Amino acid sequence: MIRNFILIAVRNLKRNLVFSAINIFGLSLGLACCMLIYLYTLDEVSFDRFHKNGPQLYRISVNLSNPEGKLHQFGYTGMMPGPAFKHSIPDVESYVRYQSEYLTVRNGNELFDQEAAYADETFFQLFSFPLVSGVPEKSLSDPQSVVLSASMAKKYFGSTNAVGKTLELKLGDTFQPYQVSAVMQDAPQNSSIKPQLLLPLKFAPSQNDKHWMNFFLHTFVLLKPGADIAKVETQMNRVFMAEAAEELAANKQNSGMEEKVHYGLQAFESMHLDTVYQADNGLVDASNPMYTYILSGIALLILVVACINFVNLTLGQALKRSREIGIRKAMGSQRSQLVTQFLGEALVLCSIAFLLAVGMVITVLPYFNTLANKALSFSYLLDAKLIFGYGLLLFATALLAGFYPALVLSGFNPVQTLYGKAVLSGRSLLAKGMVVFQFTLATFLIMAVITMYSQFNYLTNYNLGYNDKGVLSVNTERMDKQKLNLFRNELLKNSAIQQVAADQGGFQFSVAHINQGSNIEYNIRYIDEQYFPLFDIPVVKGRNFSSAMTTDTSESVIVNESFVKTAGWKDPIGQEVDFFWRNKKCKVIGVIRDYHFESLTEEMKPQLFTADPEMKFSNVYLRVAPGALGSAQAHLSSVFKSFFPAQAYNPRFKDQENLQAYEAEAKWKTMISMGAVLTIIISCIGLLGLATITAQKRTKEIGIRKVLGASVSGIVSMLTSDFLRMVGLAVLIGFPLAGWAIGQWLQNYPYRIEMKWWMYGLAGLLVMMVAFFTIGWQTLQAARSNPVKSLKSE
Amino acid sequence: MIKLKNITKWVNNGNNRVFLLKDINLQFNEGEFISIMGPSGSGKSTLLNVIGMIDDADEGEYHFLDQAVHEMKEKQRALLYKQHIGFVFQAYHLIDELTVYENIETPLLYQNIKSSDRKAMVADMLDRFNIVGKKDLFPNQLSGGQQQLVGIARALIGAPTVILADEPTGNLNSKQGEEIMELFRELNEKDGVTIIQVTHSEKNAAYGNRIIHLLDGRVDHHAMEQYTKTV
């Protein structure tokens, strides 16, 4: 029986090659999308699950609230909690602290900016990172020892056989030799901790930091099996209140700051997808489960659209199959046997589509990986779960696509089918409904794409309030004003470099008192007087820093308009800013116009500029004369090397750096576009199939109408108007849905486009045009056919 | 063997009820060769389908081998007719996607017969009708007469007690038709298979040993008397 069914299925498939191809192609696209997203999801949930101690591992999280009730939540601590908690809480078996760091590596004559991290000796006991060579217990115990990842060992020494070799690392201002104590295997791709260079924390500069209220490193703890999390958390906070009491009291007395800290435990294995306590600050690849939801949603909908094609095309062709059904029933087949047969046929078709989809996935995986910022591959995800998931996907698809047609077909009355009477009346409403659904989704996605492109354009072409074109920046060693001036003068000797300015580099927020005691939080920047002119940032009130005014460095600050607004100052010039934490007061001498110092995904915030020499310059900006980039870079490179022989030279373009802030947007834009294109392709081939069937069914009618004098255009409009009405309805349903969802999405952006009528118009027109051209050709063929032929054959 | 009592079937056409069959009372015995005649639309095929249990009557009683078919559920009925009834159609109704061999085999699939037994039974049948050489051909590669031969082979494969034939020669030329009718006569006489055929042709009807005339869904006793007189 099974053999018989498969035979029929295969022969049917061959006979209706066009429809089979449409179905298989559509289903394989849908399946491929789902398979990709399933891989993506598997990878997301497999993150950090390879550690032997995994279930007992936790990261200490912090809720920090200041007196105004502003709550900061993050996953890092200072040096103190780890040892203190282990000492006083029996359930805390062990801990490891992990502090990320950037440093310069000298290997021969070459200099490299290198990501590195300090970690406690317990690192290799808590985490399951196997060593290629070396002893786990001793690898992080000696001063000036370093553990390399396998790829770093290859990078610096050409092989993983590097134990005992030395590498020069720059900590502070001097290079020191470090001996490789161990080489570890590269961390798996689904790991939040991906160390490249590991250094012993007990010799780190930060080791003497005894402040509880500094938060800069990760503390991971290993709890005893069966430990009560809530209880441990309570104990942690009790220990903190006791041990940090002095520090808190001192803080309060010095600054009047009364911050509240609450420690918590975050399960290590759920860290990757946590959006509150993110895996950042040296941990990598943090993600958001929302991505999984959105991608899964789109992939499933594409699959549903493809299944709808299957349902509609199978039922559209039901007349062809009806006789077979009648015969089988007359031969004694029961309905359930027929249902099995048709489901079996769907399964055969889906299996072919499935194999095709696997091929597609393998082909597009590298491209998808770049888009999704992943390194997915079957090699490490191929396990029972994946095979089971894919199998389930295959059967679910076959059921989704095959069940309804099987039910309808098997219900045919044998008498009617054997005597050629009409079947399938009243079914068309459902078919139409499904087409409307497909095109509603297509409209929705096209609207989303149009808006995303517009928003992206808007963000990337927005006037930031400063000129970031033609600006090169370069990281230098920390230097004072004097050295900056020497560097600047040397650079300006080449006319390709027009202006040179500097700031302290990095990105810091700070807090001060204004208006006798109230707090203000702002972005702080240490700059020289060339900074505003170089970036074309206008000073709207007061004046810029000036080297002629000696008091500027010690007593003056400049703020932006948002600062003035937040402070509520009518007359900002001469207002006092009290840096209470270092007992220093400054006066505002100028106000600059707001400019977007962060990406446009952030609101404008208060900003404060100082020329206080206690800070050091380490980031230099150059304005390059138009068309003189090559000579400017050459000059910069040679001057840089003579000034900073121990610093890696990595020049960057400010405008490109700014664009990188929208990488996420760019990727999402591409992914949603692909989803939209796939949806519309699958919907259209389905529509093409339906149009073909309709034209076939109405051959006789078309013949009669032509004999009676109907024109080709009349017949085309008769045949297409039905379809276009459905698509039109879909567009009308899609508009409000898309409008609503896109409105929600745009709310995430403080700087955003307005939804314009032309976006609706364009989306609607696009969908209608694509639909029209899809069915137009088929319809024209039918309308042009010679009526003599079609009528004679009847 | 077959008892029809007040069998009535109708369709509703707007507010009008159109009777396809009206108060049919008939009795067929085992081993009979019955011909059902009547003009187009007189209800011949409908009656045949009701007898063949692929269609329901709206009223009346139907006993097949002393079992009350009109009281049965679909499953029981399928079980009954799978065993006892074979169909032969005017348009042959072979499955286009299956070969001659596979077409003949199809009813056996629904009777849960073992694969090896099926092979033997189909081989016998191919032998009997002299179509062994054609077993791997598809229906569209055969002439009409050959297709009908396959149709009959398929009807006989389950060793039915009754064969229902709906104008079995309607699509055939006279020579082919005659061969098919001879085959039916042989089946009836030698194998004792009960045959009920619907036909338009007086000549074919004469192969039967009893003729039922239908007119507008009723048994036309007048025509039957006339016919008997002329014979």
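Cβ atoms here come from the backbone N, Cα and C positions, even for glycine.
Model confidence over the domain 'MacB-like periplasmic core' (A:20-238) is summarised by a mean pLDDT of 90. Per TrEMBL, domain 'MacB-like periplasmic core' is recorded for A:20-238 (among others).
Here TrEMBL flags A:298-414 (among others) as domain 'ABC3 transporter permease C-terminal'.
Annotation comment: TrEMBL describes A:446-628 (among others) as domain 'MacB-like periplasmic core'.
The domain 'ABC3 transporter permease C-terminal' annotation in TrEMBL covers A:675-787 (among others). Note: the domain 'ABC3 transporter permease C-terminal' (A:675-787) comprises 96 helix, 0 strand, 17 coil (DSSP; helix = H, G, I, strand = E, B).
The transmembrane segment annotation in TrEMBL covers A:21-40 (among others).
Look at TrEMBL and you will find A:290-315 (among others) tagged as transmembrane segment. Nonlocal intrachain contacts for the transmembrane segment (A:290-315), taken as residues 6+ away from its ends with a CB within less than 8 angstroms of a stretch CB, comprise 19, 22-23, 26-27, 29-31, 33-34, 36-37, 40-41, 44, 273, 275, 346, 349, 397, 400-402, 404-405, 408-409, 424, 427, 431, 434-435, 437-438, 441, 445, 671-672, 675, 678-679, 682-683, 685-686, 689-690, 693.
Annotated transmembrane segment per TrEMBL: A:338-367 (among others), in sequence order. Tertiary proximity for the transmembrane segment (A:338-367) is limited to same-chain residues at least six positions away from its ends with a CB under 8 Å from its CB atoms, namely 2, 5-6, 8-10, 12-13, 20, 23-25, 27-29, 31-32, 35-36, 39, 310, 325, 328-329, 376-378, 390, 394-395, 397-399, 401-403, 405-407, 409-410.
When Cβ-Cβ distances below 8 Å are used as the criterion, the transmembrane segment (A:387-409) is approached by residues 23, 27, 30-31, 34-35, 38, 42, 303-304, 306-307, 310-311, 314-315, 318, 321-322, 325, 338-339, 341-343, 345-347, 349-351, 353-354, 424, 427 of the same chain, each at least six residues removed from its ends. TrEMBL lists A:387-409 (among others) with the feature transmembrane segment.
According to TrEMBL, the feature transmembrane segment maps to A:429-453 (among others).
Feature annotation from TrEMBL assigns transmembrane segment to A:671-691 (among others). Within the chain carrying the transmembrane segment (A:671-691), a Cβ under 8 angstroms from the stretch's Cβ atoms is held by residues 18-19, 22, 25-26, 29-30, 33, 295, 298-299, 301-302, 305-306, 308-309, 312-313, 316, 371-372, 431, 435, 438-439, 441-442, 445-446, 448-449, 452, 719, 723, 727, 767, 770-771, 774-775, 778-779, all 6 or more beyond its ends.
Sequence annotations record features per position, and here TrEMBL assigns transmembrane segment to A:726-746 (among others).
Annotation source TrEMBL lists transmembrane segment at A:758-780 (among others).
Proximity of distant same-chain residues to the transmembrane segment (A:758-780), defined by a Cβ-Cβ separation under 8 Å and at least 6 residues beyond the stretch ends, is recorded for 439, 442-443, 446-447, 450-451, 454, 680, 684-685, 687-688, 691-692, 695, 712, 715-716, 719-720, 723-724, 727-728, 730-731, 734-735, 738-739.
Cβ atoms under 8 Å from those of the transmembrane segment (A:429-453) belong to residues 298, 301, 305, 308-309, 311-312, 315-316, 665, 668-669, 672-673, 675-676, 679-680, 682-683, 686-687, 690, 723, 726-727, 729-731, 733-735, 737-739, 741-742, 745-746, 753, 755, 759-760, 762-764, 766-767, 771 of the same chain, restricted to positions at least 6 beyond its ends. With helix defined as DSSP H, G or I and strand as E or B, the domain 'ABC3 transporter permease C-terminal' (A:298-414) counts 102 helix, 0 strand, 15 coil.
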